[in-house]
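Engineer: Checked TrEMBL, it gives:
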| type | residues | note |
| --- | --- | --- |
| TRANSMEM | 12-30 | transmembrane segment |
| TRANSMEM | 337-355 | transmembrane segment |
| TRANSMEM | 362-384 | transmembrane segment |
| TRANSMEM | 390-412 | transmembrane segment |
| TRANSMEM | 433-455 | transmembrane segment |
| TRANSMEM | 461-484 | transmembrane segment |
| TRANSMEM | 533-552 | transmembrane segment |
| TRANSMEM | 874-895 | transmembrane segment |
| TRANSMEM | 902-924 | transmembrane segment |
| TRANSMEM | 930-954 | transmembrane segment |
| TRANSMEM | 975-995 | transmembrane segment |
| TRANSMEM | 1007-1030 | transmembrane segment |
């Protein structure tokens, strides 16, 4: 079977062509992404409760929804914020919920939320559940107002809707959203005195407007032959039509037109819930998600044409800037990685030429493109896109791919030198190497499998590295057992089978033909191998010394989860006290923008006020909605982000805008978290939680490199409270509920009817004018009317000013109440200077909290979140599968080597190789982040391969397997060239990652490359010494048993 390709050259050629076509076609059809897509395991339930304070929202809305959420077992945690007028609950599912199960779980959650709606107050806005997409928008464009006059948001909105429709028409578009849209409406501004003179409330007026809007069914005429719809003419279509609506008042059936008691106009909703300031200009942002599986580069080409076409149609007052185009980053990232892949392949080929000669190098290196083509084909089959993780997996596998080929080529050459025929040489080589190569491949697969099986967002982020490596080494094994021995036999059959001329030819060959050979180093190396067998105990100690140092130094390594991203962008979060208006936020943001843009490193600054900016990076998630005191910015730099510009901006903004909390943050790799340092304090009493939280916050803020702190229960907002004289209110035919409803309708507005403009419905809102509702004295003088059922309603004297019914006081109120998993919690967050490791700050923070722990009241507790929690969860997920896989790895070794003792030698090598990875990380001064962890785990499978080959060679040699020192030495010397070659090719394959710069890939490359180099010493020195001791111990035990048996006889 294994000689089939040698015997049938046409089949060999067709197979190679098939692999090449499969790989190349797959490469051009694979989707292109910058980063892996993460499954949406988070969602937000938003419920608006107009006029309710935080405590009422907590009791009447949040807790009832939370009780229902406990019935969904797939929910891992939920965090709620009850604030004035709204309840926001963020739900996170368990990491074990797969991509296929997520939609059904969210459907069940939505059903539970629908069930609880009947228990909620009548005047709430229906709870809305929205899954949080953990991926960046493919395109963010803006429509900005270029003129100096006040922006016409009506024109901007209509152009945005047209632009949205154009983008939705592009094949591959998933959804298009508009941000910074202030929303238009028809505003009916009342004259409160005139309205009161007609004994009408705002609610009465909005109901009469609604009754004049005939957008309801009027039935059908059903004849024998026809069915005709009946329509009542007169629906609201224009402002003039609304102004002419007759308003009924009094008990005598009197009427007055609406325009006599109110002003009707079209405008944006005031105050707006969100606004956009794009590079200093007011506007709206349009963001596009593309479907999974779409080639982003091809979609972007079509989108660019649509944008150019739409630009030409825009009026001169509007411009269309591109704020963010993900395709530019995808192309740049993939081109860089592909270049690294080609560079690595070139370096691997160069090393192979130096070590084995040109002819052998050509044979060995042919495994590279063939394996890569097969990997692309398998990625296409498994729906794995091209992104930084999958391509990096190929780079990691680069040197490993040809390990099997190197060993196979070396073995076939050795058989041919013995004078055997090519067919026999192929059969003997495969017979000798099939089990060792399969064993080494399986150990590599099992070593990377925990990373591939890692659950949750962390697994989805880094797991593709391991999956690609596993696919690559399996493809390499297939190539090495089929095509490579055929190539080797065909190319070496003439030069290596002539015994008479072999010796002369070998002496006359240059290094380019046979590989480099340095006699002085060869003699020195022979002595060290001889010493290894002569002094096995000392050799074992020396071989294990560096791994032991690595384990010792591991305790001193700085901890990190994922480093900052190498990106020419920053994000800024801005926050004022919760009572601040959007107008004040906007004015301050304009000043901040001027401060930022004056820095030469900054090109553009784009702000979204009132909510989160559209996600321009895969792990930026939302959560902020309709918060007038909040804004977020995308800062575009003219070069890759650095800690210096981040810290410079942070210092500058803190100094010049002390009234605001402004947090400048680099973009970070890995799953999202709210803050690098986070501590949750649980308890029942809000005042106690506030006091404890303030103690913790004051402790945290004193630590160097902590820039800002935030406590979820620390904010107090002023509130106007009406202290009613209930007797007076009852005498006036009013009660607390009626008064609250009339005030809410008058100030915030009551909607009645709508106008259709195209496919958009504009509500008609009746309310007090901006000037009146922004003046407290005007509000206190508002006339309130008795219930319509009350006979006092038709009395002209029934209108009672608010001020006559009680006192108006300004009182402090808690801005929000937070829960975590249904319990009241005060969450304290800390934000750090760029370049500061959170683990280092957390360690100092925990040290300072020793006294705080002992002073906690009964039934109060705390725990840490932030980066620490994410890191522990990720490592826990990684370790969860390790136990089973270690047993499988040991079983593979025992079955392939046929000995528990020999398997034990490889297990020691595996453990020692992990120590070598730790030593490399410590030596190069990198923190012990998650990338070095997965590098060290993957290193185990790679590092034992050479040891397995050497151990198999010794145990299969007829003399060496008996423990003969000279024979063991001879086998080790014979194995040295391909051991060194595989080591150097593996290590050299990581050079592109080492040279790529940044903080993300070099630690992983150092861990694996350094460990592989160190593992060579284990293969060439530890393994033969350990085998010699095992064989000698076995002989002594056998001799002792013979003596015992002889004495018994």
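Using the three backbone atoms N, Cα and C, a Cβ is placed for every residue, glycine included.
Automatic prediction, not curation, is the source of TrEMBL annotations.
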Engineer: Check for me, if you would, whether the transmembrane segment (533-552) reaches the transmembrane segment (362-384) - at least 3 Cβ pairs under 8 Å, residues 6 or more apart in sequence.
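Structural biologist: With fewer than 3 qualifying Cβ pairs, these stretches do not touch.
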Engineer: Do we see three or more Cβ pairs under 8 Å linking the transmembrane segment (902-924) and the transmembrane segment (390-412), pairs being at least 6 apart in sequence?
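Structural biologist: The transmembrane segment (390-412) and the transmembrane segment (902-924): touching, no.
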Engineer: Counting only residues 6+ away from its ends, which parts of the chain sit with a Cβ under 8 Å from the transmembrane segment (930-954)?
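Structural biologist: Same-chain residues near the transmembrane segment (930-954) but 6 or more away: 396, 400, 403, 407, 435-436, 439-440, 443-448, 450-451, 458, 462, 465-466, 469, 560-563, 670, 871, 874-875, 878, 882, 893, 896-897, 902, 905-906, 909-910, 913-914, 916-918, 921, 960-961, 968, 971-972, 974-975, 978-979, 982-983, 986, 1000-1001, 1003-1008, 1011-1012, 1014-1016, 1018-1020, 1022-1024, 1027.
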Engineer: Take the transmembrane segment (362-384) and find every residue of the same chain, 6 or more past its ends, with a Cβ under 8 Å from one of its Cβ atoms.
Structural biologist: 16, 19-20, 22-24, 26-27, 29-30, 293, 341, 345, 348-349, 352, 356, 390, 394, 397-398, 401-402, 404-406, 409, 464, 467-468, 471-472, 475-476, 478-480, 483-484, 487-488, 491
Engineer: Considering only Cβ pairs under 8 Å, which range in 461-484, 874-895, 1007-1030 makes the most contacts with the transmembrane segment (12-30)?
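Structural biologist: Comparing 461-484, 874-895, 1007-1030 against the transmembrane segment (12-30), the winner is 461-484.
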Engineer: Which one of these stretches, 390-412, 461-484, 874-895, has the most C-beta pairs shorter than 8 Å to the transmembrane segment (337-355)?
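Structural biologist: Comparing 390-412, 461-484, 874-895 against the transmembrane segment (337-355), the winner is 390-412.
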Engineer: For the transmembrane segment (1007-1030), what are the same-chain contacts with Cβ under 8 Å, counting residues 6+ beyond its ends?
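Structural biologist: Sequence-distant neighbours of the transmembrane segment (1007-1030): 396, 399, 528-529, 532-533, 536-537, 539-540, 542-544, 546-547, 901-902, 905, 908-909, 912-914, 916-921, 923-924, 931-932, 935-936, 938-939, 942-944, 946-947, 949-951, 954-955, 963, 965, 968-969, 971-972, 975-976, 979-980, 983, 986-987, 990, 994.
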Engineer: With a Cβ cut-off under 8 Å, give me the same-chain residues at least six positions beyond the ends of the transmembrane segment (390-412) that come close to it.
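Structural biologist: Hits for the transmembrane segment (390-412): 36, 334, 337-338, 340-341, 344-345, 348, 352, 356, 360, 363-368, 371-372, 375, 379, 384, 425-426, 429-430, 432-433, 436-437, 440-441, 444, 464-469, 472-473, 475-477, 479-481, 484-485, 488-489, 492, 938, 942, 945, 949, 977-978, 981-982, 985-990, 992-993, 1001, 1004, 1008, 1012.
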Engineer: May I ask you to check whether the transmembrane segment (433-455) and the transmembrane segment (874-895) make contact, with contact taken as at least three Cβ pairs under 8 Å and only pairs 6 or more apart in sequence counted?
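Structural biologist: Taking Cβ pairs at least 6 residues apart, the transmembrane segment (874-895) and the transmembrane segment (433-455) are in contact, with 3 or more under 8 Å.
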Engineer: State the non-local partners of the transmembrane segment (975-995) in its own chain: residues 6+ outside its ends, Cβ under 8 Å from one of its Cβ atoms.
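Structural biologist: Residues 339-341, 343-344, 347-348, 350-352, 355-356, 392, 395-396, 398-400, 402-403, 406-407, 410, 515, 525, 942, 945-946, 949-950, 953, 1001-1002, 1004-1006, 1008-1009, 1012-1013, 1015-1016, 1019-1020.
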Engineer: Which residues, given as numbers and ranges, are at least 6 beyond the ends of the transmembrane segment (874-895) yet have a Cβ under 8 Å from it?
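Structural biologist: Distal contacts: 95, 439, 442-443, 446-447, 449-451, 453-456, 458-459, 561, 671, 902-903, 906-907, 910, 930, 933-934, 937, 948.
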